[in-house]
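Data block below; observations after.
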Amino acid sequence: VSASKFARVWIPDPEEVWKSAELLKDYKPGDKVLLLHLEEGKDLEYHLDPKTKELPHLRNPDILVGENDLTALSYLHEPAVLHNLRVRFIDSKLIYTYCGIVLVAINPYEQLPIYGEDIINAYSGQNMGDMDPHIFAVAEEAYKQMARDERNQSIIVSGESGAGKTVSAKYAMRYFATVSGSASEANVEEKVLASNPIMESIGNAKTTRNDNSSRFGKYIEIGFDKRYRIIGANMRTYLLEKSRVVFQAEEERNYHIFYQLCASAKLPEFKMLRLGNADNFNYTKQGGSPVIEGVDDAKEMAHTRQACTLLGISESHQMGIFRILAGILHLGNVGFTSRDADSCTIPPKHEPLCIFCDLMGVDYEEMCHWLCHRKLATATETYIKPISKLQATNARDALAKHIYAKLFNWIVDNVNQALHSAVKQHSFIGVLDIYGFETFEINSFEQFCINYANEKLQQQFNMHVFKLEQEEYMKEQIPWTLIDFYDNQPCINLIESKLGILDLLDEECKMPKGTDDTWAQKLYNTHLNKCALFEKPRLSNKAFIIQHFADKVEYQCEGFLEKNKDTVFEEQIKVLKSSKFKMLPELFQDDEKAISPTSATSSGRTPLTRTPAKPTKGRPGQMAKEHKKTVGHQFRSSLHLLMETLNATTPHYVRCIKPNDFKFPFTFDEKRAVQQLRACGVLETIRISAAGFPSRWTYQEFFSRYRVLMKQKDVLSDRKQTCKNVLEKLILDKDKYQFGKTKIFFRAGQVAYLEKLRADKLRAACIRIQKTIRGWLLRKKYLRMRKAAITVQRYVRGYQARCYAKFLRRTKAATIVQKYWRMYVVRRRYKIRRAATIVLQSYLRGFLARNRYSKILREHKAVIIQKRVRGWLARTHYKRSMHAIIYLQCCFRRMMAKRELKKLKIEARSVERYKKLHIGMENKIMQLQRKVDEQNKDYKCLVEKLTNLEGIYNSETEKLRSDLERLQLSEEEAKVATGRVLSLQEEIAKLRKDLEQTRSEKKCIEEHADRYKQETEQLVSNLKEENTLLKQEKEALNHRIVQQAKEMTETMEKKLVEETKQLELDLNDERLRYQNLLNEFSRLEERYDDLKEEMTLMVHVPKPGHKRTDSTHSSNESEYIFSSEIAEMEDIPSRTEEPSEKKVPLDMSLFLKLQKRVTELEQEKQVMQDELDRKEEQVLRSKAKEEERPQIRGAELEYESLKRQELESENKKLKNELNELRKALSEKSAPEVTAPGAPAYRVLMEQLTSVSEELDVRKEEVLILRSQLVSQKEAIQPKNTMTDSTILLEDVQKMKDKGEIAQAYIGLKETNRLLESQLQSQKRSHENEAEALRGEIQSLKEENNRQQQLLAQNLQLPPEARIEASLQHEITRLTNENLYFEELYADDPKKYQSYRISLYKRMIVCKTIVLFCCLPLGQMENISPGQIIDEPIRPVNIPRKEKDFQGMLEYKKEDEQKLVKNLILELKPRGVAVNLIPGLPAYILFMCVRHADYLNDDQKVRSLLTSTINSIKKVLKKRGDDFETVSFWLSNTCRFLHCLKQYSGEEGFMKHNTSRQNEHCLTNFDLAEYRQVLSDLAIQIYQQLVRVLENILQPMIVSGMLEHETIQGVSGVKPTGLRKRTSSIADEGTYTLDSILRQLNSFHSVMCQHGMDPELIKQVVKQMFYIIGAITLNNLLLRKDMCSWSKGMQIRYNVSQLEEWLRDKNLMNSGAKETLEPLIQAAQLLQVKKKTDDDAEAICSMCNALTTAQIVKVLNLYTPVNEFEERVSVSFIRTIQMRLRDRKDSPQLLMDAKHIFPVTFPFNPSSLALETIQIPASLGLGFISRV
């Protein structure tokens, strides 16, 4: 692709390393500047290099970005690699990427859910290119090649510190341990992991880059046997950094073990070490950072000690290790004092040295002497020479490093001993965890050794890559052209050849006065200007530069000689060897031998190997010389041994990348990543691939992808020739591609060119489609508009015509209306005038009549007035005369009274008078008091008379005035009565005074009345407000009651639904657990039988033609026993003469004991289901009662009534539940617990009785409360009467306190609340008691399950051990129970005594069992069944019945084996059985059982049923992989089970029987126990059937559901890399969806042909569809290439085909479609829009069957196949995660494809009459006769 306009390129950038840009102008040859447009929106002028004139790297198409394999990229260069890794790591959260044969692993610094066992199972057995990149894929490839090629493998994990090397190696080992298939040997991996704490403590330290940096490399060989199971491991270590023991840089630490020791110094066992804080020791305080944040060194010390114990290091050896480490710390504190320039001394009794000598067990004086002196040996004599202070310090540090290195080796040897296996190793897989390339600001001898090792590893890597490329070209028959790749052999020669750097370094170390400077000069003289890879820095004479494969590195010469020599004085070593501490000399035992490459190096790295070099024989001097081998020589030897090991294996490469230096999760630093990519050789791999033909396509993949570029005439039947013809037209330069045998090879960039052509073709096609569709849409729009216009015109014209017609009709109507209206107006006017005339005439005539009447009336009234006036005058004259006479009498009487008064006054002055008066005073006071009361009463009467007084006064006044006038007129006549007139005047004045007084009193009364009226009105208003508030409160309470009722109803419904779901889940879990136990036990029994068969074959020679076929599938634990024992009796020749019937009672007794437990569990499940149904009915009844309850006026009464009824119903519910619990306890508890005399039974019954009594008392209280509330309802008046004003006035007059009503209301409310709280507390107490009873029931259930598990474990043992274990378990259980009940009944002697009695009964039972088990075999055979059956053992006790019998088959007892052989063992489903009635063998067997039942022969029944079960198991074991056989016997087993139920005589199973079938019921035996045996056998056959169909379907599912393109042309194949994936095109032999449907049809037809129950067929289909959905979804989640829009369409189409198959078979209600829901939602997720927040909300609501991890994984893996598709943005994925953060679902990523749904066998009676069944002659059952 030329650099044309709009081409996208990469340009260098100092910050981002590479930056993307777009050309704004075409490039023309000769241009020096490119006009670019950056992604951030800026324009840039990019200047080309004037020398090379190289154009910028071109970008890959977007659809190629994010590929699993970097070699799949069209343009292979550094920016493309970096960008692809960044997109996968940041956007898709994928940490693994292939780069050819290399797996690049980027450390996410976050725990990811991609290492579980489900992921391991998903990768197991898969090809490396079929799944997404993973460390498990590399491990699987190594494991597969080891088994296939019989060649040892190596996994080389490299990377810098903190990149995740150790974790990657750990996961690889975990994979090997999981897939090796040996569960007993899997603990080898645990041992290796257990070695991590101690290896990290002694080999890891804190550095500036990593808090837990491994300062050594290791190579772990995992050994396998011939069956490729792990048997052991061995560890080799490399490059231990010894210098860290004595020196640490700033912010770094020494090895962790030293700080752990200091942190644990206060422990009692560490007191003798005399340690303290880490800051007190010179070797631990130099870095200034003794503490790591978040790490507790004391706890780490405990983990280290625990690891030592697990690895077999004894406590004494552990303390020895800690003594040596503490001695090293104290040795570092030893100080020296200078005497002169050439000598020094140690202060006397120097405490650190004393402690060191005590801990090491050496002599203080001797050690003190040799620390300050050294021995010089010449040819003739020996000198002891003092050394300077600096030399002594260096010698002390060298000694400390030497001791630590020896200790490190000793610990590694002990770890290897713990991991060693005695079994011979057949092959191994090695895991190498070693440093990557290192370069720092200051590089010394350590970095030189590391980079030298990486040069060797890179050379081996390059050669391997080159070899693979050459093999690929030769296999495809492509002309091989030599690829120029970087060969780092010159660099290796520079280091290790003769006169190389190491050789010169060793030579300089031998010189007496050799220094770093002289060595540097020799390097300059030897290599400078002679070797292009060696350079000298400009500004230094003590450094040199080497051009390594990754980068140039400058090394400082200072310290090279000292570190290479690793000088340790022999005298100091001898002192340590003479130690009294036994462990210390062990560390130096190999010092007398030649130092092997495993010895420590002073360079700070310890090269270790397995095989030490042979010791050299000769003089001691020669041995000393061997001891002085340099570190460089040792390291070179160790490295050569490692390379020999790696070259002898097939290598696999894992390159770990550290994305940033700050350990931020999913943060990518481009600079650091590029450095590591260059250093680890990834880019070199890319360069080698890019130099040849990096892009490789199969012909079919090329044709599928680029079919759009071909014309119809170009397509031939030969795909290879078609591709050749098309490529010659598309790419003219034939050098750009090569045609191989099966693939097409392309040069770099050609795939991008083809993708551009394809995209252009698709874009042109898209434009043509858009053009056509848009034209069609516009034409359709025009036609619609034209049609609409015509329609509108038609309707408008019609509307106008209708309007005109309406106008005409209205005009005519208006004329008619006017005519009638005018006539109406004239007639109305005439009628008004006529009516007015008549009215005037009537009024005038009435007026004249009234005048005439009034005149007559006046004359009549005048006569009456005259009569009245004349009478009044006569009466007045009489009254005046009488008044004058009375006045004269009053005057006289007054005069006489005055005289009498005068006398009284005189008498009053005397004392005697006062005494008389005083005597009657008290009586008068009382009389006065009464008068006052009477006056008060009269006062009220005055108020009533006030209104009358004023009227009377006015009338009297008028009357007096008239009298006065008349008196004045008749003054002359009244002269005689002058005195009387004066008295009248005085009386008038008095009356006026009284009138004024009366007026004032009236005014006061009116004011009082007004004030009273105002107060009354105020009170009325207050009461009205209070009434309003009460009404509002009433409404609020009503609303609250309604709301609470609604909430309670909803809560109860939700709770009911949840409880129903929970009970269903519990039932399924229990069923699944039980069925899994059956499956596991059958597997263990099969293994046991196989081992027993092998032992039998080794001991006995089988008879000719006799083949042992053990039973493998049995019902439960007890049934396993008798089936295996009977099989053993049949197979072993020594026991064939013993009759099997005599062995049956022993087996059945054990069998029925466990069957009883199973029956109890089933009963408990049924009781729980009944309880659930009962609760549902109670909720419905309570809801109906609430709807029918009458409304009570008044909020308080309504609220209290509702509460009362709720409490009553709750009490009834509690009582019912307690009764049910009592019933359940009596039904499902174990016999020894629920026996009437058992203590637990009595305690429960007492509690239940007390609860029932208390419930009755509470019920009476509720009735009393109800009566009180009813009386209160009758007494309280309705509150709406408070609004009547008149009644209010009357009530106000009677009330003393206006708040009386409110107080009465509040008091009533408090009373009701108190009663409610009491009822609520009572309810809670009942609930707590019921919960306690449920807890006891649950504990009994758990005890039951535990006993079952113990019994199952015991049944796996031999008979003798089984008896002993059973007794031991029983004794342990009884002991624990005895202790418990002793504590429980400590205060109650009676209960304890009853408990002791029950305990004695159990002891008798145990003795009976022991006696029974200890009987010899012969005695047991002689014992009758009645003697064997004992009550505690509870064997089959078949109750006898007496009924008629008919429809049976008779056979002789000796023909039983022949019957079983012909009907079961030799019956072929594909042969004779095809033409039989479905279930015929089951009918025949049942009819035989009926005859044995008729004969009342229990032995015959037992023998026949046992033989039938064992024979079915033998058939399934022999032909268990044949689907037809398993399906046939599953169908017949279920039919046999249904026959036992249908003809059992139980009413529940006889509902659908005919009268004739009811006559065929069993008459003598109840075989209910055997029904459970057959049910368990059917469960095992069903599980085997599921395994068979899974094995058949599994190879088809991924190919048919995912890879095959059912809709051709929808999705194209993207370019593949070196790790090619499985082709998605249907080649010959490839499974398609049709293959799956054909297989499903085959399964369904076989099951239907065998007469399998329809419900059972539905369960099988549901299981099949679950397997299809789970495997498909799991592969989708692990394959990035499958997550695209087009693949989603393919999956949905495939699922629709499966649904169509279900509809055709009428199986839509089987639940199979629901099992595909996760897969359907995943396919929808691939197709829906994924941009906006609304899309996120839609996805969250749609994908309810997928977990959050699965949704995020699919979104991360979503990959566009074509350019018009878009990737999912990171922000959108984060939005999804935020919306789903509250969803509580499983964190597991993959579905459990091995999950088997619990199976049930619904009762399915047969309508076939037994007497009509005919036995075909082909069955060979002529010896059977019909009865």
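The backbone N, Cα and C atoms fix where each Cβ goes, and this holds for glycine too.
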Checking 594-627, 1002-1035 against TrEMBL, the stretch recorded as region 'Disordered' is 594-627
Which range is region 'Actin-binding' per TrEMBL? Of 18-40, 639-661, 685-707, it is 639-661
TrEMBL record, coiled coil, of the ranges 182-223, 1316-1357 the matching one is 1316-1357
Filtered by Cβ under 8 Å and at least 6 apart in sequence, the residues in the chain of Lys165 (ATP binding site) near it are Val157, Ser158, Gly159, Ser214, Asp433, Ile434, Cys656
So Ser161 (ATP binding site), by the Cβ count within 10 Å over all chains shown, scores 18
DSSP composition of the domain 'Myosin N-terminal SH3-like' (4-56), residue counts helix/strand/coil, works out to 0 helix, 24 strand, 29 coil
Mean per-residue pLDDT in the coiled coil (1316-1357) works out to 71
